[in-house]
Amino acid sequence: MRHTFLVQILTARLGPGPVLFAIAATATPAAMLIDMEVPNAHRAVLGLQPGGFDAMTGVALATAGMVVLARYPRHSLGLLMSAFGAWWALDGTASSWLAYATMHDPALPGASAAFSVYQRFGAGLLLLLPLVLLLFPDGRLPSGWWRVVSLVSLGLTSLLPLALIAAPSGIAQATSEPGPIPAPLLALNLDPLYFPLPDVVWTGVLLVAQLCVPLSLLAPFVVVVRRYRTETGIGRMRMRWLLWAAVVDLLVMLTFRLLPGWFGSVGLTVAVALTAGSVAIGIVRPDLVDVDRLLGGTLVYGILLALTFVLDLLVLGSAGRLLGSRLNEGERLVIAVFAVAIVYAQLRHRMWRLVRRWVVGDRDDPYHVMSGLAERLERTDDSEAQLLTLARAVARAFRTPYVGVEITDVSGEPLLVEDGERPAETRALPIAYRGETIGRLLLPPQVARRSRLTSGDERLLADLIRQAAAAARAVRLAEELQRSRERIVSAVEDERRRLRRELHDGLGPTLAAVASRIDTARITARRSGEDADRILGLARQELTGMLAEVRRLVHGLRPPALDDVGLVGAIRQQAERLRAPGLTVRVEERGDLTGLPAAVEVAAYRIASEALTNVVRHAKATECVVSLTRDIEDGCLDVVVEDDGVGFAAEAVAGVGLVSLRERAAELGGSCAVTSAMPKGTRVRARLPVAPSPVLAAKREVAV
């Protein structure tokens with residue numbers, strides 16, 4: 001990916017970017033060579049710093065602009081940084097030439113022009129900061145009335161550069177720095193664009209313009225804060241690059257301010273280069289590194305650096321005051337180092353945890369995340385509330401504005417619980433329980449992307465997904481339990497109603513009719529034996545029909561063949577009854593099938609019978625094998641019905657009348673799968689849990 005991006009930089013049409021970069025790159029060595037010919041003492045008289053640092057600042061800006069233009073050739077910030085980079089490099093070269101000319105010969109060509117470029121037009125570089133703040137990251141000004149505020153702010157920032165172009169140099173010097181104009185500059189033409197106004201007016205204009213500069217930066221900072229709060233996903237990540245640049249710039253400028261001489265210029269160059277680089281990364285590749293971790297580390301070590309400096313001063317000052325001349329400077333320094341080390345060791349870990357929790361959430365403390373989640377789940381009874389608790393725990397751990405937990409309930413309908421506002425794009429991580437996918441964890445792309453996660457983050461996310469699987473499984477089990485209770489109650493009531501109807505409407509009238517015929521036969525027998533015999537014959541027929549009805553009812557409760565010939569014999573009898581022309585059915589048994597629970601026998605018989613019925617009706621098969629295998633190690637009974645028929649389409653599994661097979665297996669805690677057999681046909685496999693057989697129990701006792 002990085003090599004592709006480098007090729008893109010080299011081959012893209014960058015517009016004016018290469019020209020502006022070439023200007024900055026050419027001006028930098030020129031400024032450095034000129035600086036080597038000017039002693040520091042002469043620059044100090046002029047109040048100038050080496051121009052090479054400004055030129056290097058321009059190169060850094062132009063480079064960042066080229067990177068942006070390589071990806072987005074018309075991005076306004078790319079063009080802006082390239083243009084300001086060339087401008088800054090020329091400004092540094094003008095500063096170097098101004099120092100050289102005033103030392104050797106003020107009449108050298110371009111000496112006065114160098115003063116105008118550096119002292120007057122150079123103030124226009126102030127516009128770079130508000131422009132970057134207002135245009136980052138998409139290169140467009142904010143919309144609505146905020147655009148008006150932004151334009152007014154830029155206008156206020158422009159007052160000082162415009163005023164310095166035409167203001168008298170003496171008044172400009174008096175309002176900016178104390179003291180007169182340095183003597184070497186007096187030989188130059190300092191006011192080529194002088195606009196005649198009273199000195200009082202120019203003084204007032206310059207003072208007002210100087211006051212407007214800090215005031216004009218308020219609106220850009222407010223725009224940045226507003227964008228940071230409203231952006232989500234990749235936009236929020238881009239804004240954090242700008243936040244990191246602001247933190248680093250503050251630390252760099254404070255550090256270099258404490259150093260003497262030209263270190264201030266070095267600090268400015270470093271700060272601008274880091275800002276330009278972070279802006280370019282934020283626009284082009286915001287996911288290049290983990291900006292959250294980078295920001296947290298910068299804050300921690302920056303604060304520790306400041307505390308170390310302050311503690312050094314306090315320890316050195318206290319040691320000098322308390323012990324006086326008894327300690328030399330080396331001994332004081334040793335005391336300061338030990339004091340700083342002790343305090344540093346205590347503060348660093350705590351500060352790191354606080355800052356990381358603020359920047360990236362709780363994921364640096366996985367135990368805290370998991371224990372807190374377990375505690376909150378224990379206090380929650382409602383199923384949806386548990387999923388919401390899980391979503392909030394993930395959001396808090398990874399400091400993400402959105403988390404969704406979606407599971408599929410027992411009816412096949414998705415149940416979605418969300419925390420936060422769902423972004424336009426999400427990534428789904430599967431939630432699996434014992435190899436079965438039962439839901440999804442929905443996260444913003446930048447959180448779900450594996451390249452953005454450390455190994456610790458991945459372990460925590462995996463633990464949370466396992467917790468999500470357990471919670472989702474608990475929700476499904478609760479729903480299944482409730483539905484099972486409802487089915488059991490309904491089935492019991494339906495069965496009672498059916499038996500009552502059968503007994504009341506079938507057996508009751510039949511028994512009454514038989515009793516009536518017997519009474520009639522008794523009366524008739526006194527007159528005619530033949531009539532009595534006929535009536536008793538009719539009564540017998542009715543009793544025979546009634547017995548058949550009783551057998552049918554009993555068979556519905558439990559097939560009698562299971563008690564007569566056992567499970568294998570009952571299935572063979574059923575296969576004989578269902579036999580079709582051209583179809584051969586074999587029933588095979590493996591293992592010890594004695595002592596099976598009654599419910600398992602009935603379920604196995606019903607599943608095998610229904611599968612055989614489907615083979616006869618739909619398969620057009622010539623051979624079918626029913627195998628019954630008892631797995632004594634796993635404590636299961638496998639029922640497999642396999643044929644060599646026409647098979648089925650994958651999408652037609654749920655519509656071929658096989659739902660009841662799965663339901664019968666699920667009632668006992670088992671499973672049933674319908675798949676295509678190889679090379680053709682259909683394979684139905686049901687796995688029913690069975691208590692360990694007496695043989696296995698005996699073996700285990702012997703082993704013990």
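A Cβ is built for glycine as well, from the same backbone N, Cα and C atoms used for every other residue.
Remember, TrEMBL labels are computer predictions, not curated facts.
Annotated range for transmembrane segment in TrEMBL, selecting from 77-97, 455-475, 602-622: 77-97. Among the ranges 51-70, 331-350, the stretch that TrEMBL annotates as transmembrane segment is 51-70. Highlighted: of the candidate stretches 77-97, 117-136, 148-167, 237-256, 262-284, 148-167 has the greatest count of Cβ pairs under 8 Å to the transmembrane segment (200-225).
Tertiary proximity for the transmembrane segment (148-167) is limited to same-chain residues at least six positions away from its ends with a CB under 8 Å from its CB atoms, namely 119-121, 123-124, 126-127, 130-131, 134, 141-142, 193-195, 202, 205-206, 208-210, 212-213, 215-220, 223. Here the transmembrane segment (77-97) sits apart from the transmembrane segment (237-256); fewer than 3 CB pairs are under 8 Å, leaving out pairs fewer than 6 apart in sequence.
Listed as Cβ neighbours of the transmembrane segment (262-284) (distance under 8 Å, sequence separation of 6 or more from its ends, same chain) are residues 5, 40, 49-50, 53-54, 56-57, 60-61, 63-65, 67-68, 70-72, 75, 77-78, 81, 88, 132, 136-137, 237-239, 241-242, 244-245, 248-249, 252-253, 255-256. Residues 133, 136-137, 224, 227-228, 231, 263-264, 266-268, 270-271, 274-275, 278-279, 281-283, 286-287, 291-292, 294-295, 298-299, 302, 305-306, 446 of the same chain, all 6+ positions outside the transmembrane segment (237-256), place their C-beta atoms under 8 angstroms from a C-beta of that stretch. Assigned with DSSP, the residues of the domain 'Histidine kinase/HSP90-like ATPase' (599-692) fall into helix, strand and coil as follows: 36 helix, 31 strand, 27 coil.
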